[in-house]
Amino acid sequence: MDYFNYQGDSLYAEACAVTELAKQYQTPLYVYSRATIERHWHAFDQAAGELPHLVCYAVKANSNLAVLNVMARLGSGFDIVSKGELARVIAAGGDPAKVVFSGVGKTSDEIAYALSHGIYCFNIESAAELERINHVAGKAGKKAPVSFRVNPDVDAGTHPYISTGLKENKFGISIEEAPALYQHAATLANVDIKGVDCHIGSQLTEVQPFLDALDRVLVLVDTLAEQGIKLSHIDVGGGLGVCYNDEQPPHPNEYAKAIAEKIAGRNITLIYEPGRAIMANAGILVTEVEFLKTNQDKHFAIVDAAMNDLLRPSLYQAWQNIIPVEQRQDEPNINYDIVGPICETGDFLGKDRELAIKAGDLLAVRSAGAYGFTMSSNYNSRPRVAEVMVDGDTSTLVRERETIEQLWQGEHLLP
Ligand code: LLP
């Protein structure tokens, strides 16, 4: 459920008319709904019930400071993958003590920075990383809280680019080799073993792969306990899918409950790392139709947003719904490809969409709150777009549109 709905023929973001937002802030424009973010976050938080738990929002999905701040105010934790993301969390008022640090390539500098801010846990992805963390913590005179990301070899059944739990993926360590690594970690002076972590992929539309992965993780937890290594948390990663088209993913409540039930009675803290499930349907990308064009019998709507603003359709052939901001009855429905101005055939936001539109109309690309702005770039020297958050009938510009001068900020001519 989200808060982007039609009132009459006009699309609203909560109580703000999207047409008015476009007038005020221009297009292309990302619009986020605070009520939707909070609703989704609470769904995860409440489903775990009495079980000790922490929702660590995956910052990569949308790292705008206002987005992070909304969650920080709820008491959220955060899943980060870089120094930059941790710096954002701190700048947004997030609590570093509720931060887990994921990712396969943490640098010594990033590790030192995270240690200095007292993060909750490092999710270690290799034996070499364990050595590095132990070394950096030793130099800092600290003990690093660690967890190992294990690879349960479960097929998440999602797009190959975002499936991470199989043997052939670069992520995690094999679950068979994990006990030996935990034993080794227990001998190191500067690490403190806290938990276990697994993340099998993104946009999963079934609960079963999560539960299969968790079963394997629980066997590991028991094996470690027998060997005298007691874990204080299980981090089940993120990955819950959303409805872009006709997918029917489990509701966050259903997903989080199923997981919490498996863990209940174990006296262990449960960590979730949801990104998309909180943010995707909390955002839209608003774009204006510049031209309608027909080549032979193919119809194109050329819009002012492009693959640099929203990469998912081009990169993953992802389908995101595209709807008119003002529905009109005075034009026929025509099958359009919605394309941007970038000089690449792969620059499209959607193909074969039935729409009744005219040049100058506004369109909204739905489900654009996650992996939208964060994956945007300046390709074709296009300034990154503005972001707005609505809260009831109020809107706030949470990121200014980049200026042309900012495009070459930090660039230098030869002497
Ligand atoms: N935790 C870890 C360790 C992750 O790698 C990810 C996402 C998450 C949590 C959050 O997963 P989520 O709940 O959002 O599925 N750019 C792609 C998605 C890449 C996901 C990468 N990892 C897309 O636009 O579909």
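Cβ coordinates are placed from backbone N, Cα and C, and glycine is handled just like the others.
Predicted automatically and left uncurated, TrEMBL annotations should be read as such.
Taken from TrEMBL, the feature active site, proton donor covers CYS343. DSSP assigns CYS343 (active site, proton donor) to coil in the three-state reduction, placing it in neither a helix nor a strand. Its Cβ placed at the centre, CYS343 (active site, proton donor) has 9 other Cβ atoms within 10 Å.
Residues or ranges marked as pyridoxal 5'-phosphate binding site by TrEMBL: GLY239, GLU273, PRO274, GLY275, ARG276, TYR371. There are 26 other CB atoms within 10 A of the CB of TYR371 (pyridoxal 5'-phosphate binding site), with all protein chains counted.
Each residue in the domain 'Orn/DAP/Arg decarboxylase 2 C-terminal' (30-369) has a pLDDT score, and their mean in this model is 94. Annotation source TrEMBL lists domain 'Orn/DAP/Arg decarboxylase 2 C-terminal' at 30-369.
Feature annotation from TrEMBL assigns N6-(pyridoxal phosphate)lysine to LYS60. Cβ neighbour count for LYS60 (N6-(pyridoxal phosphate)lysine): 21 (other Cβ atoms within 10 Å of its Cβ, all protein chains included).
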Exercise. Per DSSP, PRO274 (pyridoxal 5'-phosphate binding site) is which: helix, strand or coil?
Worked result: coil
Problem set entry | TYR371 (pyridoxal 5'-phosphate binding site) versus LYS60 (N6-(pyridoxal phosphate)lysine) - Cα distance in angstrom | 7
Exercise. For pyridoxal 5'-phosphate, what surrounds GLY239, GLU273, PRO274, GLY275, ARG276, TYR371 with a Cβ no more than 8 Å from their Cβ centroid?
Worked result: ALA58, LYS60, ALA61, SER202, GLY238, LEU240, ALA277, ILE278, MET279, ALA370
Exercise. Record lists GLY239, GLU273, PRO274, GLY275, ARG276, TYR371 as binding pyridoxal 5'-phosphate; longest Cα-Cα distance in Å?
Worked result: 15
Seminar exercise, completed: Among recorded positions GLY239, ARG276, CYS343, TYR371, close to ligand 1 by Cβ (under 6 Å) are GLY239, ARG276, TYR371
Exercise. Non-local Cβ contacts of GLU273 (pyridoxal 5'-phosphate binding site) (under 8 Å, 6 or more apart, same chain)?
Worked result: CYS56, TYR57, ALA58, ASP79, VAL100, SER102, HIS199, ASP235, VAL236, GLY237, GLY238
Seminar exercise, completed: Filtered by Cβ under 8 Å and at least 6 apart in sequence, the residues in the chain of GLY275 (pyridoxal 5'-phosphate binding site) near it are TYR57, ALA58, VAL59, LYS60, ALA61, ASN62, ASP79, SER202, GLY238, ALA370, TYR371
